[in-house]
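Colleague: Have a look at this one before I ask anything.
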Amino acid sequence: MGRRYFGTDGIRGTVGEAPITPDFVLRLGYAAGKVLAGTADVAAGARPTVLIGKDTRVSGYMLEAALEAGFSAAGVDVMLAGPMPTPGVAYLTRALRLSAGVVISASHNPYQDNGIKFFSADGNKLPDETEAAIEAWLDKPLECASSDRLGKARRLEDAAGRYIEFCKSTFPAAYDLRGLKLVIDCAHGAAYQIAPHVFHELGADVIPIGVAPNGFNINDGVGATAPDALVRAVRANHADLGIALDGDADRLQVVDSTGRLYNGDELLYVLVKDRIATAGKVDGAVGTLMTNLAVEVALQREGVPFVRAAVGDRYVLEQLRERGWQLGAEGSGHILSLDRHSTGDGIVSALLVLAALKRSDRTLAQMLDGVTLFPQKLINVRMKPGADWKGSASIRAAIDAAEGALAGSGRVLIRASGTEPVLRVMVEAQQAADATRHAEAIADAVRMATS
């Protein structure tokens with residue numbers, strides 16, 4: 001039986017609508033707490049402890065309180081990190097030997113949305129069977145622990161400082177960032193008090209933008225999903241590079257001094273090239289079904305095996321672990337380097353890119369010389385929840401027409417979002433006009449069939 005609440009990246013939705021309501025989130029905290037309590041060494045008097053971090057959405061206060069109450073009712077202690085990037089929660093959970101970590105965030109979504117995602121004790125996303133166990137507990141009545149067994153809550157002192165030091169530790173000690181002018185766009189999100197300090201303390205001249213959250217402006221015209229603001233700031237300040245994070249700082253986009261934008265596909269290639277130069281070889285790299293074909297071809301040219309996972313960083317992570325590889329990425333900017341961190345981390349990924357540039361004494365454009373991305377057109381089509389797009393003859397006909405016209409010179413990918421009622425239509429072709437024309441034709445068919 002499929003999961004009812006957990007999607008590809010936890011539980012997410014519009015605040016005030018099921019399941020992102022305070023009563024559900026309280027029960028979710030209780031259910032997760034009972035699952036954790038079942039794995040703790042209760043006989044030895046152990047009490048599970050979880051860490052809760054959040055981004056800057058106004059709803060985070062409400063959901064944090066609900067989660068805290070649910071965990072306490074289950075007899076689980078809580079540590080509160082306050083605003084903290086998703087990868088920061090993963091790191092602190094592992095470093096402090098806690099039972100689990102919880103992030104309250106909807107990542108790159110607007111402030112009206114929010115979500116809950118969990119990390120296991122080792123800083124990894126929960127396995128499917130644990131999520132299923134939590135869902136099973138949601139069906140049971142909430143039976144509050146006795147007063148002497150209620151969980152306690154306290155704030156984690158200097159959570160930001162601990163994570164800042166971890167990020168800096170991933171940058172080679174032989175290098176620093178002196179002489180570099182960097183624009184850092186924090187998307188008015190979880191990294192607003194962290195990312196500028198990381199790069200500044202490594203020596204960079206930092207120009208921060210997107211660092212004035214008010215509860216309502218997260219990802220609004222700034223950050224990795226709206227890089228135009230970063231491009232303008234880089235040009236206006238004559239900066240060497242711009243770094244854009246999203247609301248929970250697990251994804252990255254980079255802009256060079258000319259205003260050229262580099263996505264996760266290109267940055268993966270840069271990191272692979274750097275590893276080849278420093279380690280002599282790379283066993284393999286993982287992308288997704290959306291990864292640009294040009295990057296796959298370029299990696300093959302370097303003798304690096306390449307595997308496409310389903311879209312979603314959890315699936316990239318699964319493929320990396322299965323093969324014992326270290327480097328993987330999505331074009332959206334989720335970059336994984338498993339010898340540095342257990343999950344995607346925008347700040348750490350940016351430091352890896354900067355280290356590669358320092359070691360090679362080359363620019364991003366120079367490192368990507370000879371890699372020309374195939375034009376891609378991506379259209380997100382909102383549809384009614386539960387719409388049967390797979391059974392639509394008109395959508396199938398539009399896809400067949402596009403694939404027939406491209407005839408081996410491009411590809412079509414249609415997939416449903418795992419976090420919202422959206423169908424993503426992607427067409428890749430040798431000519432941008434062809435990609436746009438075919439993507440729009442398919443998107444029109446989707447709108448007609450699912451609206």
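Placement of Cβ uses the backbone N, Cα and C atoms for every residue, glycine included.
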Colleague: Taking Ser107, Ser120, Ser146, Ser360 as the options, which does Swiss-Prot list with Asp246, Asp248, Asp250 at the Mg(2+) site?
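Modeller: Within the candidate list, Swiss-Prot flags Ser107.
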Colleague: By the count of other Cβ atoms within 10 Å, pick out the sparsest of the binding-site residues Asp246, Asp248, Asp250.
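Modeller: Relative to the other binding-site residues in Asp246, Asp248, Asp250, Asp250 has the fewest Cβ atoms within 10 Å.
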Colleague: Return the count of C-beta atoms lying within 10 angstroms of the C-beta of Ser107 (active site, phosphoserine intermediate), excluding that atom itself.
Modeller: 29
Colleague: Rounded to the nearest angstrom, how far is the Cα of Asp248 (Mg(2+) binding site) from the Cα of Ser107 (active site, phosphoserine intermediate)?
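Modeller: Rounded to the nearest whole number, the Cα-Cα distance is 5 Å.
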Colleague: Can you list the residues of the same chain, besides Ser107, Asp246, Asp248, Asp250, whose Cβ falls within 8 Å of the Mg(2+) site's Cβ centroid?
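Modeller: Leaving out the recorded residues gives Asp55, Pro85, Thr86, Ser105, His108, Gly189, Ala190, Ala224, Leu245, Gly247, Ala249, Arg251, Gly346.
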